[in-house]
Every structure is written in C-alpha cells, then in structure tokens.
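Novice: First, the structure itself, so that you have it in front of you.
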Amino acid sequence: MSERTLSTVYDPKSVESRIYEVWERGGHFVPREGTRGTFSIVMPPPNVTGVLHLGHALDTTLQDIATRFRRMQGYETLWVPGTDHAGIATQARVEQALREQEGKSRYDLGREAFVERVWAWKEQYGGTITSQIRSLGASCDWSRERFTMDPGLSRAVREVFVRLYEEGLIYRGNRIINWCPRCRTALSDIEVEHIEEPGVLYHVRYPVEDGSGHLVIATTRPETMFADVAVAVHPDDERYASFVGKTLRLPLTHRSIPVIADSYVERDFGTGCLKITPAHDPNDFEVGERHGLPALVCMDQDGRLTDLAGRFAGLSREEGRERVVEALREEGYLVQEEPLQHAVGHCERCGTVIEPYLSEQWFVRMEPLARDALERARRGELRFLPDRFMKVFEQWLTNVRDWCISRQLWWGHRIPAWYCASCGQVSVSRDDLDHCLHCGSADVTQDEDVLDTWFSSALWPFSTMGWPENTPDLARFYPTSLLVTGYDILFFWVARMAFMGVHFTGRMPFQTVLLHGLLRDAKGQKMSKSKGNGIDPMDVIDKYGADALRFMLASNTVLGNDLRFSWEKVEGARNFLNKLWNAARFVLMNLEEGFSPLPLDAQSLDLADRFILHRLGETIRRVTSALEDYDVGEAARTVYEFTWDEFCDWYIEFAKINLYGDNADKKRQTQSVLLTVLSRVLGLLHPYIPFITEEIWQALPNTTGMLIDAAWPEAADLPQDEAAVEQMRVAMDVIRAVRNVRSELQIPPKTSIPIVIACDSERVRGVVDQVTEMISRFCNAERVDVGAGIEAPKQAAVQVVTGAKIYIPLAGLIDMDAERERLRKEANRLKGEVERLEKKLANENFVHRAPQEVVAQEREKLADYRAKLLTVEERMASLEG
C-alpha cells in the first residue's frame, strides 16, 4: 500500500477549501525567483460589490490555467487580483437600498454623507466576489490585491488626467452623449443595452415655405422635431435636387429650416429625406457641424420637452410623442404610420430608454493617442488570440471618436478641476485646491462630476504595479505577459489600456491578448436572470466542485467563440474527475509500502508499457505546445482523451496481467510505469483541475513539496516506440470490435468464441500476428485465425477495422432465427428514418428557410442512418447460409 490512501469517493467539499488554505498560507501564490524569466498577468477587475457569474468563472479559469502552467515551467509568476469601484453600478445599488430601507434619495443625504454610505457598502459587501474567486482556485497573489479607488491608484488617475489636460488631450466641450434620464448621468456605450422593439416610422409632410411643394421625412421620434434645424437629402438623389437650398416650414412651429445636401443620407431608407436634429442624434450632430448648423435642445435631463416645444413643453417624451402625433394628424401633416422593428438603447442599470443628449462634458482627444497605439500594434508589439481580432482593433482605433469621460455621479474619481467665480478660469491640479491657480481667488468650486469607470480601468496594468512611482514590481513585471478577457470589451477596455499604456509608459501594457467568447445556455441563448436561464456558478461548485466547473469551461473553450453551458457537460467533467480518482486509487492500492519506481528501460518493457509511455510523451509535447499558444481547449481535450481512453480504459486493464501475475520483476516494472504515467498526468492536469490533482499528488510515494510548485512534466526521458503504438492500436481495434459484437448479441464474457481475422496486407497481417496472444486473452477467444484471402465464414458476425475484417462464427453462440428477426426489424426502422429525412431534405422550403445549422444536422443524421442501415444489411447477409 501507498504511504497514504485515498477515500473511496472523491468529495470536493472536503478537499477544495482545505487545499486552498494550504496554498495561500504557504505563500505559493507569491512570485518566486524562477529560471525562465517572469510571467505576469492582471485580473480584469470585477465590480467590487458584484457576485460571481459564469463569465467571471471562465475568465478566472483561463487566467489560472496560464498562471499555473507558467509557474510549473519555472517562470517567476505574478497574477495581480483586484476589483473595480464600478461607478454607476455601485451607486445605483446603494441608492436603491437607501430608497427601500429609508425612503430617502442621495440628495437627502448630501454628497459627502452619501459617498460615506457607498464606502460602508463596499466594506460590507466588497469581499463577496473575491471570496468566490478564491473558491474557484485562483492562484493570484492576494497580498497585492488592488482596488481602483485605493490611494495609490487614485493618485495615478489624477496624474494621468492632469498630464493629458496639460498636453491638450483632455478638453471640455459640447457633444452628444448617452444620457439616462432616470440615473441622470452620461453612460458609456457598454452601459447601453440595445433591445429589439416594435416601433413606428412616422412619415411627416414639411411644406416648402414658398408654397411650391413639400418634402416628406420619416422619423421614429417626432417629439424631437422642435429641435430640427434642417432637412437633408443625398446630393445624388435626383428626386430632391430642385429642393436643395429652399426653405421649409417646420410643422407645429413658427420656424423655417433649410434643405441641405449631405452624403450621410441613405436614399433607400424611409423617404430619403432626413430631419437633422444635432442636439438629439450623434450622426445629426456631425452633419450639423459640417454645415455650420445650430444645435437646439428640446429635451431636458429628465426626459421632458423644453420651452422650445411650445404648447407641448413639460410633457414627458412618451406623452409628448402621443400628443405631437395627434397634432400632426389633426393639422394634416401626418402622411403615414409604418410599423417597424428597431433596436432601442436602454440603460443597463435601470432599464430606462436612453436619450442622445447634447451637453457639456469632459472628453479625451482620441486621434493622437489611437494613432500611437495603432502604430505599435502594427509593428508587432501586440498579439491577439485569435488573430482576427487585430483587424477589429485596428478598425476601432482608426475610426475612433473622442471619449466622453465625465459622469454625473457622486461615487468615483472626482474630476480634479476647479472653477473660479472671480476670473472664470478652470484650474486642473494633482492636489485639491483652495484657490484659483490663475488669479489666486479663494472663490473656487470643484467640478461635480466623476470620471468614467473605464478611465481608471484603462490604467490598470501599470497603476496596479505602482505607477507613477518607479517601483520594483513595475520594473520587473511590466509590461504584463498576457491579458485574458471577453471579446465584448475589446473596444471599451482593451483598446483604452493599449493607448494609455503606450502614452504613459512607452510600451504596450501586455504582449498577448487572449479573447474568449460569451457564455450561453445549451440552446445558444444569451444567459440572463430575466430569461430564467441564468446559472449561478456557486451553485455548480456547491454541487460538483470547482474542478468540474473549471474543466467543463476550459475543455469547451475555442478562442474567440461563444461557449454553451449545459449541466450535462458539467456532469461529464465530474465523471472525468471520478475516473482519474479511481485510476489513482487503483495505482496506489497496487503499490507496496515504501515503493520506489524502477528506471524506464525500453529493453525490459512490455508492448503495452512501450505503447503508453510513447503516447504519454506525445501527449506531453502536444499539451505543452497548445498551452504555449494559450489554446487551453485543445490542451484539455488532448490530455482528457489520453487519460480516459488510453490510460484508464486500456493500459490499466493490460497492467493487471503483470500486477496479478507471478513474475515479480514484471510486476515492479508495471508498477513503475503506472506511477510514472499517473504522476505526469497529474502535472498536465494541474492547471485545469488543481484541487483533485494536488490531493492525489500528496498521496503518491516519493513526492516532495506541493504539485503547485512542481516542475512541468517532461517527455525527454520517455522511450519512444512507433511500432508499439501501431501494434497496440491494432490490438485495441480488434478487442473493441469483438466486445461490440458480444454486447450487441448478448454473448456472455465468459463464453469462449472463435475469431477469424482476414487481412490481405502483409504489413497489417504482420502487426496482427504480434498481438494475437493479447487479443485472445482480452477477447476470451478459443482460437484466433489470421490470414490473407480468407473466405468469410457462414453465419458469422463481421466487424471492419483498419486493414482487416473480423469474423465471429455464431453457430452455437446465439439463437440465429431471433437474431435475423431483430436485424430485420432494425433494418425496417432505419429505412423509415432514411426515407423520412430524404423527403425532408428534398423539400426546398425547408432547405432554404430553416437555419443552416439545422439543415446540416439533418444531413448528418441522414448519412448516419444510411451507414447504420448498410451495416445491418451486411450483418443480415452474413447470417444467411
């Protein structure tokens, strides 16, 4: 027996928290001097008061796999964890709690008291998500944990703001922003959720002022017409060429507006005439700037019509639309109402329809920053996985707009700008001011707004390392080696980190960006609480353990592609863990106390030993190569197939011959091979399933230290033998085929059977001759006949494997009449399925209208049924005679 036994059943609840505590207390997550340089990675900071979702679980798993792999390879490894203050998300939660518990708003408390409440909320709930990340097994250095509003990071934020302002790259100006009337703040694009909704396209007649005709515009938002300053047509649209330069009378008002020509107009959408409302549409704003048009505002910050709307002033935008449409109809301006489906932007936090709104905000001038980052990326300083995202990155930085960085919130980094009531100047400073830097007046007031959360997040790779100070961590671990995140925030975060890093450190903040897909349900639908298909990863961990969740996520990952979650996949991962656990128990139970493995001498190894060691070497090389390229899914699938199929299902069965035989030398050699394979498989699997592998590792004889610190498995000392692999695969194919026949025909395993193997190829025949004894033993064969040109025996089951046909004469083994009847019924069933699918796929309506993946699935089913029918018909023919 081994020095330590494993329990009969693996129980993750009794293992995972215990092992994690040992790792963390032992300092195993802290960088240790390595032999291969450094590897560093920063965790995309989740919302500080948030809870773990499957996206976080995938993110964390992929980062931990990379970190553990590099640590085992001998790199000095640093993974920096942290959380984001998540401005609007956190403030909204505290405001909701304040409303529900005390019936108060933030204005009742005042800014200072409200911000204190948010800090208290952060302290109370901020540890939840980091605790959950720990439960996943994340091997990050918690002694370096960061928060975006830590003093050091806040200093970095101010430093960046002031420098950009001094360089003329931050300015204050009027621009169209996403505005939430309920949250009363600007929103970034990622905070806007676009939802397909039914709407109406209103066709409205705008008369020419001189009475010579009219133009009909099409709009979904007639309530904004009071801010119209022009009607635009395409310069090449001959229908309206004679109208350009004329003046139109704006319905329901006493104003006149010009007709202009602009290539932005889509001639085929609506009527081809576009009302231009610069203050309420970002594209119209650009058209207005090109033509020098004014920007009039007809909607206030609460989403109510302003005095510009005349008799409609004070109405909400919803009621305003109803009343305006009613008035247009009554006064003869409404020509048509056309139903349509369109995407409407909603506030991600409160669900309110967002308002494109013209307001004075702070902006980052993007063109020079984007240009520098783009140049570095094109020089090869940045690699994307998959590489197709480099084009997306380039397109965004090439067509980037200035970035609105101010938010009308109280929680966040307050903008370090002070307005002087005496001279009217703005003072921007690294330190809080009590006087104007221009005139010295003490009558100064700090800007009320805070910075966009993404502003501080854009500094994350270097601010977490101590910038702007020249810290040892910054010198040693920056730029970081890898960034892992979802492709959905390529624009909002990755690109911004890239240009901030280049501008302030002179280098890209990361060498490689691994972009994973989004988590979807088993049907491919986006997961959400409202749909009822959301999955709490903590529920998965509670039921199956963290390793099962991690392995399911990793093994199903294809870089850049969305991943479908299903409980069946988690159960499959759990079954794999049980398979590994049982294999380890088998190995350990067959080792004597104090067992010491023998050197692996190819001359003394059996065929099965040489096969498994050769395949282990190939697996180590393939897994290592895949992980070097961060192809975690391919690496996981490779080691899974080797462990389950070749080691557990085959080699362990072959090993029992020597383990339970009389030859002591053979037994010890087999024990040595078993232990070698098991220990190296544990190393390969450790980045994926760290808890169970560590637990098994600690039970192995002759191991020192912990698996987390062990060297990555090597293949150099493993004997290579291609011939052994070929022979074993032939033997395995034959054994599998014979077992299939036994199972299908219900021939008991203890019943000896004759086997005839016909193979015309001399090379294949020679290989089969080498393994006939093995085939006979594992198939319980009374005899095995091998030859070329063998005539098919009568009334025999037949199986085809590569290069050979296997016949099992059935006389005396089964009831032949019953088997013929069974095959006849199965053939009829399969014919019915083939006819049904052929008819379905001959229907052009189905082929052209059904989703392509559905059509492809049906074609695959048809091919499968045809192949099965052919096999059944061949078996029926073989039983005749």
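For all residues, glycine too, the Cβ spot is worked out from N, Cα and C.
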Novice: Kindly point out the range from 46-56, 695-705, 761-771 that TrEMBL annotates with motif ''HIGH' region'.
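Specialist: My reading of TrEMBL: the motif ''HIGH' region' range is 46-56.
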Novice: Please identify the range among 141-145, 526-530, 791-795 that TrEMBL labels motif ''KMSKS' region'.
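Specialist: When 141-145, 526-530, 791-795 are checked in TrEMBL, motif ''KMSKS' region' belongs to 526-530.
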Novice: Using a Cβ cut-off of under 8 Å, list the residues of the same chain at least 6 residues beyond the motif ''HIGH' region' (46-56) that approach it.
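Specialist: The answer is 83-86, 89-90, 93, 121-122, 125-126, 128-129, 132-133, 136, 147, 486, 518-519, 527, 534-538, 553, 565.
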Novice: Per DSSP, how many helix, strand and coil residues does the domain 'Valyl-tRNA synthetase tRNA-binding arm' (815-879) have?
Specialist: 60 helix, 0 strand, 5 coil
Novice: Could you tell me the mean pLDDT over the domain 'Methionyl/Valyl/Leucyl/Isoleucyl-tRNA synthetase anticodon-binding' (609-756), as a whole number?
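Specialist: Averaged over the domain 'Methionyl/Valyl/Leucyl/Isoleucyl-tRNA synthetase anticodon-binding' (609-756), the predicted model reaches a pLDDT of 94.
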